[in-house]
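Data first, discussion second: the structure below is written as C-alpha cells.
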C-alpha cells in the first residue's frame, strides 16, 4: 500500500521515504534483536512484539493520516481522499480495491501493522527495492555513489541524520571507489546480513 504521486521529484521523495522507513526499521529490529540476544522471530503471533514502541507510534501516525474519517478502519474512501491530498486525483477503483485486498479483510490498525510487519520480515519483494535503487543508476551498473546517496538521504523527504547514514553505511557493501553495491544491499535488507547471523 504505497501511496505515491507522479513526477520525478515526488518519486525521489517517495523512494527516500520508503527506503528510509524500511532501512531504519531494519536497523532498529537488528538492534532490538541484539539486545534480546536472538534474531527477531518471523510470523510472531503478536505483531506488536515485532516493533519497538517508537516504531509503533510512527505506524499509528501513518494510519491516522490515511484513516481520513477517523473510524479506525482504512477503506476505499480513505485511500481516495489520501491520494487526493497528495495531488493524485485519477486513482482507479481497481487500484484502490487491490490495495485493500492486501489486508484480507477490514484494515484496522492491527492489520495495518501486520502488513508492514510482513514486509519488514523479508516478504517485500527484493525486486521492489531494486527497482527503487535503479532510479539512481541510469547506467545500470549495479552501484550507486556513496556520497551522492548520502546527500540524497540527508536532504530529501524524511531526512537521515549523519549518524543514521553512518549506521546504514556500516552494513552497506561499499567498494574501494566509494560505490554501494545496491543489489547486495537489497539482499541484506530483505534477508539479513549473513555475517551477523553466523
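Including glycine, each Cβ sits where the backbone N, Cα and C put it.
Over in TrEMBL, the protein carries these features:
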- 54-89: domain 'EF-hand' (DOMAIN)
- 124-159: domain 'EF-hand' (DOMAIN)
Query = Could you give the number of helix, strand and coil residues in the domain 'EF-hand' (124-159) as assigned by DSSP?
reply = 19 helix, 3 strand, 14 coil
Query = In the predicted model, what is the mean pLDDT computed over the domain 'EF-hand' (54-89)?
reply = 88
